[in-house]
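Have a look at the structure below before the remarks.
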Amino acid sequence: MISIDNVTVGYGTVGFITAVDQVSLTIGDNEIVGIAGESGSGKSTLMRAIYGDFSTGLGIKSGTIAGRFTDAASDQTIEKPSSQFRDLWWDQISYIPQGSMSVLNPLMKIEQQVVDGLPKRERGGSRKDLRARIAKFLAGFGLEENVLDAYPHQLSGGMRQRVLVAIAAFVNPRLILADEPTTALDVVVQKKILLMMVEIQRRLQNTLVLVSHDLGVHYQITDRLVIMYKGKIVEAGRTADIFANPQHDYTRNLIASLPRLHGQRAVDRVGAGA
Amino acid sequence: MPLLRYIAGRLVVYGLVIIFALTVLFFVPRLGPTDPVEAMLAKVASQGAYMDPAQVDTLRQSLIDTFGLGGSLWEQYGAFVNRIIFSADFGPSLSMYPTPVMELIWNALPWTFGLLLSSTLIAWVLGNFVGLLSGWRPNANSSRVMEGIAICLYPIPYYILALVLSILFSYVWKIFPLTTTIRGAPWSWELVTSIVWNSFLPAMSIVIVVFGWWVISVKAQTTALKEEEFSRYARLKGLSDGRILTRYILPNAILPQITFLALQIGLMFNGSLITEILFDYPGLGLLIYTAVLQGDFNLLMGTISLSVIAVATATMIIDLIYPLLDPRIRHR
């Protein structure tokens, strides 16, 4: 699906600030890949580079990111570098942003925000049919039909985030990139939304890339996990293996820092620095 | 239900503003040292007419009645508010006796409204259009030129600009008439062209100055909205620039501009005074000016009250339109 080959990504046109340093990674079909790391580790930059969002001075210095998509309808294979992914946005690739108050247009009804940007293949039929299909789709997220006629300010934070997940999934893409999709939510709502994302991925049999600093989130839903630190991938592998047997010190510390239900955090017992 | 409450709230504020303005209008002249009745009597006496004391008393009494100055202050106030609100009667004009003040106002009002409304709206539409485009591409050369022009224009006091336009285009190059003379039978083509021809310079003096302000303010809005998360999300959805501009940026940028428009209409009423005097334009401004020069007390009260009511009404209408445009007010 996506092959990242020894890529260095960073910002700036005059001077160059490296954010992702010589990273190689392969993302396969039909899997959930998590990218974890602290603030400034380069995980969001890597995600933007995969999405092909080369604005605000973001650029690839060396290496390549290439994608290979098989269009479900025509069965044609499309191969492109990520710098040309723009044509595939909201067609083969969609994106779930971190749902803040201002990520949806405050003056547009939810229905229009779902429809805006939909590829032709998902638009078929009359406006009424489309509305009925969207309503049915939203029902799967526990959202009632009247949400379609609501404006963003009338929804709660959790509802808005579910709407964002639904918008990205309704496109029926081969690849969904999610940038901290549950960060601003309480754990109960977070859990619900994560389960929805897994459910969608299993149904569409596509690829989900999830960027989050929260290891708990990764533990719950990802198949494979990539740990980033200072722009480099320090560890990658099956999520269960990484949690059972972390190889790198940084990963070990990350896992040790998770709060535990019983007893002290591992980090307090180990007292490890760095 | 919240919408009804919003409308009711606006209507109450509207009523209060008018009552307050009329109250100020009533009391301020009475704080001054001049007594309009004695001033009038002195004026008559200075014209050399001889009157015996009994005649002077009769005249004084009739003037007191005409000006509504009989009885205690509160009685006068009650009668004043009553007369304006329920019968819209300001009495006869003193300088153009016995033409009623309301008749003079009704003749002048369409001119002022036509001039102000058309020039304000033209400037608003043009300014917002140019500002939106230059905010969208702030680094394009055309945007920089437009911004430069706007920054040069907007600090110019409009009466200076009006004077310059008048000197250049009516005196140096005799393209437009120096003073307003309207010709033509009612509702004839000649009348329409004559009105447009005579209104062009006064309108331009308003349009040019206000235009700069609209460009600058909407440009700042657009630049900020472009960086909003919903604009970025729309871009990452692969939407075209045109669609992002018209459906995401424009509606959000235009909302505060509508509030400014309401304020602008209030300011324009002051502005029209000097514009109308400079171009000898037969509107409300010129009428106020005449009233002040001639000491026409009734006419002054009438024109100022009407300006207050007109501005309050325009503001209220815009406030009532606002919920149609902003769902955050419509569905609170």
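From the backbone N, Cα and C atoms, a Cβ is placed for every residue, glycine too.
Listed by sequence, the residues of this chain that lie at least six past the ends of the transmembrane segment (B:7-28) yet keep a Cβ under 8 A from its Cβ atoms are 76-77, 80-81, 84-85, 301, 304-305, 308-309, 312-313, 316, 319-320. Per TrEMBL, transmembrane segment is recorded for B:7-28 (among others).
Residues annotated as domain 'ABC transmembrane type-1' in TrEMBL: B:109-322.
The transmembrane segment annotation in TrEMBL covers B:111-136 (among others).
Residues or ranges marked as transmembrane segment by TrEMBL: B:156-176 (among others).
As annotated by TrEMBL, transmembrane segment applies to B:196-216 (among others).
The transmembrane segment annotation in TrEMBL covers B:253-279 (among others).
Beyond the transmembrane segment (B:299-322), the same-chain residues lying 6 or more positions past its ends with a Cβ under 8 Å from any Cβ of the stretch are 7, 10-11, 13-14, 17-18, 21-22, 25, 29, 84, 90, 93-96, 101-102, 104-105, 108-109, 113, 255, 258-259, 261-263, 265-266, 269, 284, 287-288, 290-292, 329. Positions annotated as transmembrane segment by TrEMBL: B:299-322 (among others).
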Please tell me whether the transmembrane segment (B:156-176) and the transmembrane segment (B:196-216) touch - that is, whether there are at least 3 C-beta pairs under 8 Å between them, with each pair 6 or more apart in sequence.
yes
